[in-house]
Every structure is written in C-alpha cells, then in structure tokens.
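These features come from TrEMBL:
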- B:34-55: transmembrane segment (TRANSMEM)
- B:62-80: transmembrane segment (TRANSMEM)
- B:100-119: transmembrane segment (TRANSMEM)
- B:126-149: transmembrane segment (TRANSMEM)
- B:172-190: transmembrane segment (TRANSMEM)
- B:219-240: transmembrane segment (TRANSMEM)
- B:260-285: transmembrane segment (TRANSMEM)
- B:297-320: transmembrane segment (TRANSMEM)
Amino acid sequence: MTESLLDIRGISKSFGALKASDDVSLDLKQGEIHALIGPNGAGKSTLIAQIAGSLRPDSGEVWLEGRNVTHHDTVARANAGLGRTFQISSLAMEDTVLQNAVLGALGARHRVPGVWRPVMRDSDLRATAIEALREVGLEEFAHFRTADLSHGQRRQLEVAVALTLRPHVFLMDEPMAGLGAEGSAILVEFLRNLKSRAPILLVEHDMDAVFQLADRISVLVYGRIIATGSPDEIRANREVREAYLGEEDEE
Amino acid sequence: MRRETLINTVLTLGLLAVPLAAWAMDEPYTITLATKVVILALAGVGLNLALGLGGLVSLGHAMFFGIGGYAAGILASHAQSYDPIMEWPFLIEGTQSMPVIWLLAIVVSALVALATGALSLRTSGVYFIMITLAFGQMFYYFTISWPAYGGEDGLSIYVRDRFPGLNTLDPMHFFGLCFALLMLGLFIVARISRSGFGLALNAARQNEARVRAVGIEPYRLRLIAFVISGAITGLAGALYADLNRFVSPVMFSWQTSGEIMIFVILGGVARLFGPVAGAALFIILEEVLGGVSDYWHIYLGALLLIVVLFARGGLIGLLAGRNGGGGHD
Ligand SMILES: Nc1ncnc2c1ncn2[C@@H]1O[C@H](COP(=O)(O)OP(=O)(O)O)[C@@H](O)[C@H]1O
Ligand SMILES: [Mg+2]
C-alpha cells in the first residue's frame, strides 16, 4: 500500500488509430503538486477526463485513496473526493458567480438537494461559497452574471467551485490559461498554499509556473509518459529537452 | 419591487378582475373563459418546471393533462351510474368529490411521469422530444380504442364534481377554486425554483458537466422535476374535465401538448408567470381572431415565430426585460 491519494495504473485509450493515452501510470501523494506537461495534443486533457470519470479508459485502473474507482462515473468520483477544474470553463453561465459557488457547496453535501428551502438564504452554503470566492479574489464579483466575467475570472471561478467541494484531490486542467501575467502570479501563490489542503494534479502550459510550483513533473508526449521527476531532473533530462522543451524554445 | 414582480401582480389582479366584472355584469361566458385561462395556465405552470427550469422539451405533457381529465371522468361516471370501479378484492366506488379526484389525478400522473420519465430522460434533445411525443400518442390511441370509457366519443360528467362548502355549479365559485389552485401551483414552483434542487436543475440545463463535477446526478434532478411537472399538469387536466364536464381522447393528443407548450413560449419560458400570460393571450386570440377567421391559427403561428425569433423571454420578458429566470437572489 502506497501513500498515494491518486494512483493511475497503466491507462490506455485510443481514438481510432490515435493512441491518446499509452500505458500511462502516475500517482499523486499527500501534500504535493504533480504537474503534467506536454505539447498540445499530447493527451493531457484526455488523461484528466479518464481520471475524472467522464471518459472510459480502454484498459488500466484509477485508484483514489486506496479504492479502485475505475468503474465509477463522474458523479461518484466527485463524491469520493475528486475536485476537477475544466480546461474550457464549464460553468452555469446564466447564473451569478455566487450561485455557481453555492452549487459546489451544495454538491459537497452528498445528497439530493432539497426542493423547498431557498438555497441562497442557506447561511452555511453561502459562507462556504463566499469564502471560496474570497480565496480566489472574486468576492466583489459575487453578484455578477457568470457570462459577464472576463475569461480569466471564469478560470478563477472554476477554481473557487472546486474549493467549495473540499476535495481530497484536485485535478486542474490548465487553470492559468488566459489569466495574464498578474493573474498567473496570484494563482501560483494560491496553489502553493492550496497543496497542503489537498494534493494537486496540475496540467499546465505555463512553464514558469510549472517549474516554480511543481514538486514532481511528468512529461507526456504522444500519449506516453517519457519522464517523471523533480523539476531539476526534468530540466536536465535530454529526452525531455528534445521532445518538448526544445520545441517550446523554438516557437 | 422588481419589475417582473409588478407585472406578475398586475396579471394576477387582472385575472381576478375580469371574472368579477363579468359576474357583476352577469356575463357567465366570460367567467368560464377566465376559468379556462386559469386551468390552462396551471397546465403550463407544470410544463414550465420541466421546460423552463429543467430544459426538458416535453411534447408529451398532454399525457398528464389527459390522465387528470380521465381520472375525473372515470370516477364521476362510476359515481353517476352507481357502478363500482371494482368489487374485488376490495370495493372501490366512483366519486364526485373533487379533492379525491385531484388526489388520484396527481398520484397517477406522477406515477406515469416517473415511469415515462425514467425511460425518456435517458435520451436528450430531439430524441427526448420524440419519445415523450410517442408516450403521449400511446395514451391517445389507447383511450380511442378503449370502449369502456366512451372510446373516441369521450365521457360526459353530467353534474360538475363537488367541493365541500362550495357550489361548484356557480361559475364564480368554480373560478375561485381553480384560481386558488393556480396560485398554489405558482407558489410551489416558485419555491422549487429557489431551492437547492432548483439551482442544480437550472444549472444542469445550462451545463451538465458542471453539475456532475460537483457530484450531483442530473438524471435524478430531471426525473424529480418531470414527476412534479406531470403531477401539476395532471391536476390541471382534472379541472379542465370539470370545466367542460366532458373528457375525450383529444386531451391526450399531441396538439394538446403543443398548445401547453405554446402557452409557456408565448408567455416566457422559465418565467414564473409566463404560462399565465401565455394562456391568457392564447384565449384572447382564440376569442378575437377565432371570431374573425377560422384560420386564426395562422396568425398564432406567425406570433409564435416572432416570439421565438425576437422575444425569447416571451410576453413577460418583453415587459420585464432580461433576467428573472429562476428568481434566485
Ligand atoms: N473524443 C475524441 N475523439 C477523437 N480524438 C480525440 C478526442 N479527444 C481528444 N482527441 C485527440 O486526442 C489527442 C489528445 O488530445 P488532448 O487530450 O485534448 O490533448 P492535450 O490536452 O494534451 O492538448 C489529440 O490528438 C486530440 O485530437
Ligand atoms: Mg488540453
């Protein structure tokens, strides 16, 4: 038995001839940020989807806190403690920012929501929601319609909703995308503190952020993990430099 | 007061004022028309919970409207003929008591909604529309070919069913009863849409993946919504039977489903009072245009097209402006 909270064991997934995940194994330990990097189309989002349960792997297993959840759906995995943010913001756009956060807090209760009591007057839910919004710096925007938020603010709201779930494991797909330099810097600080609450599997394109934040990095290329190690090890890895970091420099 | 609240208040008062004025001027036909608006609005309030809040485009709500109607018709026919519905294993007799009829209409509609919803909610989009339509048509053809209760000819309720303490034969009394039930229905739907359930249901309409990711199963929310929705429309069907003192398979037809949907769309999808405004407008058009031309449905169609293309919030949206929807603060 390992101390891994999340354990991915030999996951493979093909779309026709394309191997989007090729025998991928990785794990996430208490208190760490494990970054998953790789060029566009490497299969990062596909892997996240299989961990979150929205996509079935062809083979392999997903273990969460010592339980095999391979055959559990998204809802069951969320209730088992998986908090996910989407690469493309996935929010109730007509609702207010606060309503989206309250929805998360409501989900964290693990029961079918009641049909009678006004939810926005539930002080526990509100407190959880507002606290999460405050943590990501969206408190002032609580009563904005989500559709009226900027792209970056929606990314922050994604993170806030994940916070309201009080998950045991965070899965974050490119949370910094489109945040701008300042926004990214704030989020980097925030995630650095967040990992003590629950470890984070972080998919990220922003290399500066990744090398600042990650305790471990795995590099995914064409669906395969070609290296896993500390930031220094990854930086020094020849194969990684050729396959990925080199390309990045040429862009 | 929010503008939409003001409009809702005006609508409610107008809906009360018309039959009162008609009563003072001794115009019972107008009272009957107002009662019809109230009952059809209630049917729409039921559908609006599924359609507006849940995004479930059901073309099968005539099913519940018809079940309510036949609950009234069948119970009343047995009471009229003193012929029990069944004697074994226990005796069940017909009744003309509205509360009993309503209860049966609600329970049977809810059960049928549970069964049909459990199957049809596994699909979405156009498949959901087609499956609900198909379920409705099954009931339609079943009642047509069921001679015990009048088949194609339907069933007559010779004397309107009774409610304790009221003279339901008095149009004003019957109007008041239906009006009270409409208000109750609106109150219930308003509460539901502000609840945690309503928040999650409405979010699932906008973004299913989001709701799943917070650990809530959209299917379950939609099924509950469909059941409550069907029960409310079923109750409206029972009242409609008593209004006309007649039920026929037409109540189950897809045209009926379409009309209920038209009330919701005309008045404003997901607006609490949308079905009230829509049903009122529909009946007014039917009376005014129907008097001018037999082809008034063409004008209705044109109006519907305008609403769908240019005024998504329907009549209420046009008057109250954007937002409102679920009514969360
Ligand atoms: N549902 C799908 N059907 C077919 N191909 C897909 C599907 N989802 C992703 N892919 C393909 O799988 C590869 C990996 O995609 P993705 O996981 O989104 O990459 P990344 O997130 O690393 O940029 C891409 O080539 C993409 O086109
Ligand atoms: Mg991606």
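Just so it is clear, glycine is given a Cβ too, placed from its N, Cα and C backbone atoms.
Caution: TrEMBL annotation is automatic and unverified by curators.
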Check: Under a Cβ pair cut-off of under 8 Å, which of the recorded stretches B:34-55, B:62-80, B:219-240 contacts the transmembrane segment (B:172-190) most often?
Finding: B:34-55
Item checked: Intrachain neighbours beyond the transmembrane segment (B:219-240), with Cβ under 8 angstroms and 6 or more residues off its ends -> 36, 39-40, 42-43, 45-50, 53-54, 56, 58, 61, 63-72, 98, 101-102, 105-110, 112-114, 117-118, 121-122, 178, 181, 185, 188-189, 192, 197, 200-201, 204, 211, 251, 260
Next item on the list: Might you confirm whether the transmembrane segment (B:100-119) is in contact with the transmembrane segment (B:260-285), defined here as three or more C-beta pairs under 8 A between residues 6 or more apart in sequence?
Entry: no
